[in-house]
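Participant: Pasting the relevant annotations from Swiss-Prot:
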- 1-34: topological domain 'Lumenal' (TOPO_DOM)
- 56-1488: topological domain 'Cytoplasmic' (TOPO_DOM)
- 175-302: nucleoside 3',5'-cyclic phosphate 1 binding site (BINDING)
- 339-379: region 'Disordered' (REGION)
- 344-356: compositional bias 'Low complexity' (COMPBIAS)
- 402-413: compositional bias 'Low complexity' (COMPBIAS)
- 402-440: region 'Disordered' (REGION)
- 415-424: compositional bias 'Polar residues' (COMPBIAS)
- 576-703: nucleoside 3',5'-cyclic phosphate 3 binding site (BINDING)
- 960-964: motif 'GXSXG' (MOTIF)
- S962: active site, nucleophile (ACT_SITE)
- S1176: phosphoserine (MOD_RES)
- 1348-1376: region 'Disordered' (REGION)
- 1398-1488: region 'Disordered' (REGION)
- 1399-1410: compositional bias 'Basic residues' (COMPBIAS)
- 1440-1452: compositional bias 'Basic and acidic residues' (COMPBIAS)
- 1456-1470: compositional bias 'Acidic residues' (COMPBIAS)
Amino acid sequence: MDVLELLRASVNGCYNTLFSDAWSQYVSKQIATTTYWYGALLAIGALFIAWFLYFKRLASLRLRDESARTLSALTAASGGDHRGLRFRKRDKMLFYGRRMLRKMKNVSGQMYSSGKGYKRRAVMRFARRILQLQRENRPLEMKTVEPPAEYLEETIDGSDRVPPDALYMLQSIRIFGHFEKPIFLKLCKHTQLLQLMAGDYLFKITDPDDSVYIVQSGMINVYICNADGSTLSLKTVRKGESVTSLLSFIDVLSGNSSYYKTVTAKAMEKSVVIRLPMQAFEEVFNENPDVMIRVIQVIMIRLQRVLFTALRNYLGLNAELVQNHMRIKGSNPVPVTVPGPVLSQASQASRAMASRPATSPVTRMSREEHTLSDPDPNPNASAMLFAEVHGDAPYIDLYHHQQQQSSGVSVGGTHRSSGACTPTGSGGESPDGTGNATITNIDQRLVQSSAVDSLRRELGLSEEDTSIIEPFVEVRELEPNVTLITEGNAEDVCIWFVMTGTLAVYQSNADATRAAKQDSKNDMLIHFVHPGEIVGGLAMLTGEASAYTIRARSNSRIAYIRRAAIYQIMRQRPRIVLDLGNGVVRRLSPLVRQCDYALDWIFLESGRAVYRQDESSDSTYIVLSGRMRSVITHPGGKKEIVGEYGKGDLVGIVEMITETSRTTTVLAVRDSELAKLPEGLFNAIKLRYPIVVTRLISFLSHRFLGSMQTRGANASSAPVEANPVTHKYSTVALVPITDDVPITPFTYELYHSLCAIGPVLRLTSEVVRKQLGNNIFEAANEYRLTSWLAQQEDRNIITLYQCDSALSPWTQRCMRQADVVLIVGLGERSHMVGKFEREIDKLAMRTQKELVLLYPETTNARPANTLSWLNARPWVTKHHHVLCVKRIFTRKSQYRINDLYSRVLLSEPNMHSDFSRLARWLTGNSIGLVLGGGGARGAAHIGMLKAIQEAGIPIDMVGGVSIGALMGALWCSERNITTVTQKAREWSKKMTKWFLQLLDLTYPITSMFSGREFNKTIHDTFGDVSIEDLWIPYFTLTTDITASCHRIHTNGSLWRYVRSSMSLSGYMPPLCDPQDGHLLLDGGYVNNLPGHLWRYCRASMSIAGVFPPFCDYRDGHLLLDGCYTNNVPADVMHNLGAAHIIAIDVGSQDDTDLTNYGDDLSGWWLLYKKWNPFTSPVKVPDLPDIQSRLAYVSCVRQLEEVKNSDYCEYIRPPIDKYKTLAFGSFDEIRDVGYVFGKNYFDNMAKAGRLGRFNQWFNKEPPKRGNHASLNEYTFIDLAQIVCKLPETYALNAVDIFSEDEDFDGYISEPTTLNMDRHRIQVPRAGNSLSFSETELDSDVEIDLELERKVDKSTQSTPPTPNKKHPSTPTSSQGNLMHLPLSMKAKDKMQILDKLEREHKRRQKSKHKRDRSMQRDSKATLHPAPMAEATTQTPSSDVDIDAKLDQLRKLQQELEQGNESEQEQEQEQEQEQGHIQEPENVTEADTKN
């Protein structure tokens, strides 16, 4: 066919030619359909707009004409004068009526509350309707109140009231402990003022080191002199700081001359220095021995906690801290007092032991089981169990060996024996059958005499004092690798003197993992202890646990004295503390002495600043105890919290190394202790030990890596020393809002949940008084109380301070010690703030406060009115809703509460309870769930939630974006997978109703839909619920297009912010934030995993272009779908405090396999490729695709960071085949998510990776895992022991039922309570068990029952010891307490009064009791010492003893009758098979 004919035919309209192909048909069809629709819509729109404008114009013209006519009429009536205008009468009536009703508001409220006056109320309603009164029905909003100024600012007042010289003096000598005012004034008499000009030396090398220098004005520089003659600046001492060495202080007091060997000090400018000679302390110490001992103890604690902590944990120095004296071969290692025959016999015995065939390995007991003070009745089981963990290193149990090898008891309760240190089986024989005849041929008396004389000289005692020390010295023979004490053991602390052989001192690696620390093979060798040397003095003086593990390197003989014996010797000879301290100081290396001049121990009160912004950074700080807050001040003056630091954190290290000025101000949140490491000391150590540089590089790398993962894209804008706010607290104060709050059961429940994470301690005022004495809260005992509390905090991962219901000294102490304050209230009661709560806020202005609202488990409704609670308490930073079991709200006496929870603590806690969620939050182990956006694919979230629930993973926090915001909000609101599934299915069905969506269509200027019907579906799902009222903490993320950033919503209207997070661009308009008017879009545009609940859910679903942006009702900002910024906000969840995060991503994936089309691109070529079926297709994004990819740029980058993070478990179900709007496939998509999630978590469980989600664990377990009571490891005040001050009340089983008291075994995990098989049960007085009666007599009854058992124990005969287990104490040792006739009069009178009351009570109630009633099972308690009294009563001891004996006889007769009744009843119970264990005593068993 001719081409011209074809073209002519085409022009004439004949399309049956070459151009009549597929593409022309497609184009014509599309044009026709779209033209019709758009034409119709445009026509309808034009008509509507014209009609609207016409009527609006017509109405305005009518209004203008009417106004003109009215004005003209009034003008004519008043003669043309406008001043004659008056209000109409009806307007006046409306005005005065409304005014009257405002005045009568209170009266009307009373009428409504009284229920009377129906006619009056009817009149009021009629008047309100006539007067057109309208109530504002605005939702309750969260008051955005800035924290008080004290929260972010330091305290500056208070220092001007003290003269500068006295203030600096007080601050400088505080390192020696607490001094009373008379002692301080005596020290001030010896001070001297030194005037120094610039360049003058304060001291030089070879000058005596015998003074404390305090800079009053000016500046002093301390230098260190190297061997080559060069000098290096060690630190700069400014006004108020001091130059001293505590190690030289001990040298001076010990009588040793001390000189400056490598340190000099020079004045940099004109300075005034206060000089305090160290000899001034000697005068004070002679008059007050207790002050001397306390100062030595403080110095040793500073040495261990400051010097060793800084140099070992942060600089990686271990062996460099101690001198390792090497012995010359052939020298005589044994003291010259040992005769020659003894040496030869000892060497023969050693060779015999070395050549003896190896026996079975000696197992050692674990640090949890082994104690010297409380022997285990079955040591072999625990030893075998520990041997599997700690390898083959044998361990010697000195106590058990002592019990098996010796039958004589010395004066101190210790056994004098020199038998071989080999394990014994039954019958006292060794496993190889050779017995204990290894050194029987050695003269025991000479060896013992040599040991006594050696230890006497080491302790600085004279020959006349031999009789004092001789009863306590013990000698042992050790085989190689025998362990004397393990690191962290506090019970087996002794003073060891090496007679022959060598001991090796080890320490665990600070960087080792948890498993590596438990393996003794990974311990680092510190130094050797050779013959003639002593070890163990540091732990003896500090009273803390041993910092080292000591093992025998070879066959050795040691002489040792136990801790209790040392303290008895110390009472008679207090100055032995100087010799013990001097022995510790002699062992230290010169590096430690140089560091002692530079390192400072700083005490900061709450509100004081460590350093300020823009100051020079010349030092770094180590937080020893307390809490610090870092605050940055912006150029406009606004302050913002950058981070918080807790115990063990390093503050200011980055700024010091980079030599930049301080970027933030760091202040103390509560009373804190810090170690100051100057830059000069850091440089000196760095030059001498290059390994320090490697250590710091590793430390800083981990810090920056964590900061990058935490802050993500905002890392560049954060300060250099930024540390995100951590939610891991070490001390928690519990404050009841009102008296009816069950604070004691609440503390028990929280303690029960915390025990599953690690060792926890619960402290009350009663516990502290019984442990430290009734006068412990006085000012004179400040040091003892502070040191004891600090030691308890070091032992436990968290300490609970239960406050009193009044502003007592104990409550004030709790506020000073707390890292966070939990304000506990009843959620269903009034939200009003009481006077006590306001006083609490004044006491701890800088401490973070969190509100805990309790609800009974029987409640069916979700929490409500939370906003009222929060608005009334602007100081609260976070709130928790806790659902409580029934036993918490049951009214019981303190005795019954303690008895109830003694059984509860034996069970495992419910890890899914709200108490467990709160426990994980406090310890920094919260588990977060992040749900990403993806439209209809979000139905997979429901299946994943079910799989998570079946895997046993608790959910502590939930965050979501877009559809994930909707599903997450449903879970936080219901917490029931069935209800959540039902509501999600109903919402998905509504989204499939196309006729509702057609009615929601609008002119597409901002979006295709108006969003009205979409809002209604979300509002119907949630109702008017606020985010604050959800059971689980929840947040959603939206895109704020007004401020061009993402916004995190943790409070406000739920449905609105969910709607905002689902506002996808182009489909719905952005949501306008009512707070600030900002426009919010879907949060997935910036981050796709993260008032009234529905509003923010709606805001999070505002898809741009589909739904309009949602306007925030708070500020007016426009909110869109959060997927534009962050579609999986796991980083936001991590910043909010979640430690372990599960992130579920259901978003669509972009195609990255695109065609490379070269340097230029022709649209015609793409059109040809697309419409030509005979060519290969190309993958080039079109314009809408490019716009979409640009919108999701930040989201994709954020998602990659989440995938590579170590805190997040990223999960993506296989739902790519489902479209974004396929809401009709809800059940199918849900099943896909469930099957995938179930298989995924099953594989994680098999691989061992599920434990961090569904099993509680302790990242840093304590050195000892079994703390049965506070007595096992407690603060030891040497001054109290030496000076025989009033002794403390030991916590034992006797005190467990006193008010607000703990149980024996209550301090550790609940499983340790299984060891306490015997508890006392005492019947109540009276016959009624009504809770309305006063039950304060329970504690008195327990005391009476205890005295009855005491009287019985004193009259009984001790049974024969158990031969099979020689270590088991006899009954004479296990009595409750002894009442010797030489007892002090006051104690006897107290017991006598109790016995008289018990005797009278029994005589009165004997004829009333029914003998057929079942009696309670009774048990004995563990042995416990009775506290001594310090005063004498005027009563005669003889009369008291006679009367006491008489009452004992009467009591014994009563007991014989009671025992016979009890035996008969037990026989009857055995016949019926109803005998129960003491642990299973129920509440009904307490009936009398």
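Yeah, the Cβs are placed from backbone N, Cα and C, and that goes for glycine too.
Let's see these features in context: how buried, what's close, how far.
Facilitator: Around S271 (nucleoside 3',5'-cyclic phosphate 1 binding site), the C-beta neighbours below 8 angstroms that are at least 6 residues distant in the chain are L196, V215, Q216, S217, G218, M219, I220.
Annotation note: E640 (nucleoside 3',5'-cyclic phosphate 3 binding site) sits in a strand segment as assigned by DSSP. Contacts of E640 (nucleoside 3',5'-cyclic phosphate 3 binding site) defined by a Cβ separation under 8 A and a same-chain sequence distance of 6+ are given as L152, V631, I632, H634, in order along the sequence.
Packing around S962 (active site, nucleophile) is summarised by its Cβ count: 39 other Cβ atoms lie within 10 angstroms of its Cβ, all protein chains included.
The Cβ of S1176 (phosphoserine) lies under 8 Å from the Cβ of K1169, each of which sits 6+ residues away along the same chain.
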Participant: Any same-chain residues 6+ apart from Y223 (nucleoside 3',5'-cyclic phosphate 1 binding site) with CB under 8 Å of its CB? Would you list them in sequence order, or say none?
Facilitator: T231, L232, S233, L234, V263, T264, A265, K266
Participant: I'd like the Cβ neighbour count for K239 (nucleoside 3',5'-cyclic phosphate 1 binding site), meaning other Cβ atoms within 10 Å of its Cβ, all protein chains included.
Facilitator: 15
Participant: Mind checking how the motif 'GXSXG' (960-964) divides into helix, strand and coil residues in DSSP?
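Facilitator: Split into helix, strand and coil, the motif 'GXSXG' (960-964) gives 2 helix, 1 strand, 2 coil.
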Participant: Under DSSP, is D207 (nucleoside 3',5'-cyclic phosphate 1 binding site) part of a helix or a strand, or is it coil?
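Facilitator: Its secondary structure by DSSP: coil.
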Participant: Provide the number of Cβ atoms within 10 Å of the Cβ of E287 (nucleoside 3',5'-cyclic phosphate 1 binding site), excluding the reference atom itself.
Facilitator: 11
Participant: When a 10 Å sphere is centred on the Cβ of S672 (nucleoside 3',5'-cyclic phosphate 3 binding site), how many other Cβ atoms does it contain?
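Facilitator: Around the Cβ of S672 (nucleoside 3',5'-cyclic phosphate 3 binding site), 24 other Cβ atoms lie within 10 Å.
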Participant: How many other Cβ atoms are found within 10 Å of the Cβ atom of V592 (nucleoside 3',5'-cyclic phosphate 3 binding site), counting all protein chains shown?
Facilitator: 21
Participant: Nearest to M656 (nucleoside 3',5'-cyclic phosphate 3 binding site) by Cα distance: which of the binding-site residues D207, K239, G255, E287 is it?
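Facilitator: Closest recorded candidate to M656 (nucleoside 3',5'-cyclic phosphate 3 binding site) by Cα: K239.
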Participant: Out of D207, K239, E287, S962, point to the one nearest I576 (nucleoside 3',5'-cyclic phosphate 3 binding site) in space (Cα versus Cα); all of them are recorded positions in the record.
Facilitator: E287
Participant: Cα distance, K239 (nucleoside 3',5'-cyclic phosphate 1 binding site) to L624 (nucleoside 3',5'-cyclic phosphate 3 binding site), nearest Å?
Facilitator: 24
